[in-house]
Amino acid sequence: MQQKVFQSDVNCASQTTDDNLKTLGQYVTVQDDVISHVNVTNIKAEDGGEYTCTAHNSVGKISHSARVNVYGLPYIREMPKITGVAGTSLIIKEKGPAGHYIGEILVCTMQDTDLQCPVAGYPIETITWEREGQVLPVNRRQRVYSNGTLVVEQTQRREDAGTYTCQAQNRQRNTARRDVEVQVIVPPKILPINPMTDLLREGMRAAITCQIMEGDLPISFRWERNGKVVSNNAALGTVVRRIDEFASSLIIDQVTSAHSGNYTCIASNVAGSEKYVVPLTVNVPPRWTVEPTDSSVASSQEAILHCQAEGYPKPVITWKKAVGKQPGEYKDFLFEPNVQQYQNGSLYFMHISKDSEGQYLCEAKNNIGAGVSKVIFLRVNGSGPIRMLDRPSSPKLSAFPKRLCHGQTNISNFWPPNRFNVPLTDVPAPAHFPQKSKQIQVVKGDQAHLQCSALGDVPMEISWKLGGQQIAKDGDQRYTVREQALAEGMVSELGIERTLRQDTGVFVCAATNAYGSDAMNIQLIVQEMPEPPRNVRVMDQLSRSIGISWTQPYAGNSPITNYIVQYKPGAEAWPNQPMKVTVPGSQTTTTLQNLRPAQVYHIRILAENRLGMSEPSQTVQVNTLEEVPSGAPVDIRAEAKSSTELVVTWEPPPRETWNGNLLGYHVGYQEYSGDEGNGVPQSYVFKSVEVRPHYGGEATLQGLLKFTTYSIIVQAYNSRGSGPASEPVTARTLEDAPTLPPENVQCSVLNAQSLHISWEPPLLEGQNGIIQGYKVTYHSVGEWFAD
């Protein structure tokens, strides 16, 4: 820390009240240490707490804290209004009084960290929290710590908003109280939107509506396509329309293939934001990108018949050959070992022969429309026998033919004996390439060396062309041309520094001398890692599986060997080793299995070729469907409330067995028969109860028989149905006064002063409990009727 940083404007300010003075200051020692201090004059109990000194500069910062306890009665500082977001954890603790900013190097603040309810005074025995007069906690989402911190998990507006009161008390029962208002705001929740895949054709109208199920107003909407903002654009035909406060629509008047992609609705308010991705695809009939044309090639040479088409889904390109010499009837082309079809549809002949000549039909189909097709003629030129030339009329050197065949030096084969005595070494040789074409592969970014060797008389000039344009030696700085004379011609080398994708193409090496010219084609293929897969979309959504498809990306001029489909739960960040499925490069669909129901998943795809893997595709968010709960409620408790009522309480099933959002519970009850273990469902009577905020439940069963034991089960249910029942528990209603009199009352005379009275207990359904005894009332007949 340098001396020059400390200037006069970094001196601590002072805070003064009527009878209290806090002074802050600092100075620099000769060892360049910064000493800062705070002085409190006429200290009070409310000055107690934790004091923190923070030193910082442009490199970093460091803090030190120490607590000052001031003996005195409990005191709680004022707390500002607190705002929490529904569904998140709310932590109420002290933010402390305002600190004192003392320049760009040191900041001194005072705050309570041990007593999170901002309590001063010492000693403090207990710190408690209340809400609306009830001492917390009142449910398992609330936790109160001894240092005064209140934590409310999964906050809910109805249950958690309101006035909270913090109370501090010492051992002498002196107390201090302070209220704080807590507001709970709700972020937007988007109603799931169905994917728009395999629905649209070019020219149709598309509309995607984004509706909000819950969330505080005002809500703003934003639409994106493949991560880029979509707005009202007449050129693109997109219209964003606000329907009402809770809905927005994206409308495309006439869809084209350019509109395919992943559309994202983003809804935001002060509480947060949520997004929902809707894949949209447009079915497009095939159309030519490279239309086939007639071709002519020399026998034994390489040949390529180009045929490429685009559309959605990706067109399938097939080749057929005409039967006979006139087109009209075609048969499937039988590929020979020297013939192969590229992935882009072009047909490649390694060493073509005369048998390959004929009419060929290239056809592209994708089941959208009729497809496109084109008939072309492939001509194969044979070398044939050497033609005899006419004898020259006079012995002039210019009348002799140029060299007839490379390596042929005996001209007596073509004429009668050498009557003109012309030296064989004087026969002119035109520029000629023994090899007419070749292919070179190079990795993007590496150097490429293209070499052609021409035979013939010198002087000879060699030039290079790409796409019909001459490559100038002083043009692209990445290109260098070197030439060297040979005994029978010349060799030229075109070097390319740091090859790029656009360098892929056919380079033409042309050689010219005074007696003729020739050309050689060199196909340069620049290979690289593939691009990310495109148009990732969801084809099938089930509770435990998701079917997805994608479009093959640019393969980097090297066949894609595999696709790696990565996926994870939506609430988690992408780990270093996410869950994945490897798919062969020839396949663009797969199904993810063994997923959890009602779970949000993020999915992305990488393409792989021999050079490596691409960047991940755009992440797609998808929800698995719900299933009936697979777990039963736990901790079932039942107790009697009266002679005709039972109160049943329970806790929800384990969270991983919900398989969706719990909507409520079915509480079943029946008279206990003692043989519940046989597994046969009895005639349970069910009562439905909605789920409570903490997901547990409580039900009061009414109208029951008095002093009767009941068997009780509980089932959780969601939108898909009811889950398994819990283990039965039993409970008995309370006793009540008998409702039926004793049965079969009989009276007999024993003597003049005694009667014998006998009876039987009341019927069982009228006893309503355990009979403790009987009350016998007797009177003389006269008294009885007199009464």
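Glycine is no exception: its Cβ is also placed from the backbone N, Cα and C atoms.
Pulled from TrEMBL:
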| type | residues | note |
| --- | --- | --- |
| DOMAIN | 80-183 | domain 'Ig-like' |
| DOMAIN | 188-283 | domain 'Ig-like' |
| DOMAIN | 286-373 | domain 'Ig-like' |
| DOMAIN | 428-527 | domain 'Ig-like' |
| DOMAIN | 532-627 | domain 'Fibronectin type-III' |
| DOMAIN | 632-736 | domain 'Fibronectin type-III' |
| DOMAIN | 741-787 | domain 'Fibronectin type-III' |
Q. What average pLDDT does the predicted model assign to the domain 'Fibronectin type-III' (532-627)?
A. 92
Q. If you run through the domain 'Ig-like' (188-283) with DSSP, how many residues end up as helix, strand and coil?
A. 3 helix, 61 strand, 32 coil
Q | For the domain 'Fibronectin type-III' (532-627), residues assigned helix / strand / coil by DSSP | A | 0 helix, 48 strand, 48 coil
Q: For the domain 'Ig-like' (286-373), give the DSSP counts of helix residues, strand residues and coil residues.
A: 3 helix, 43 strand, 42 coil
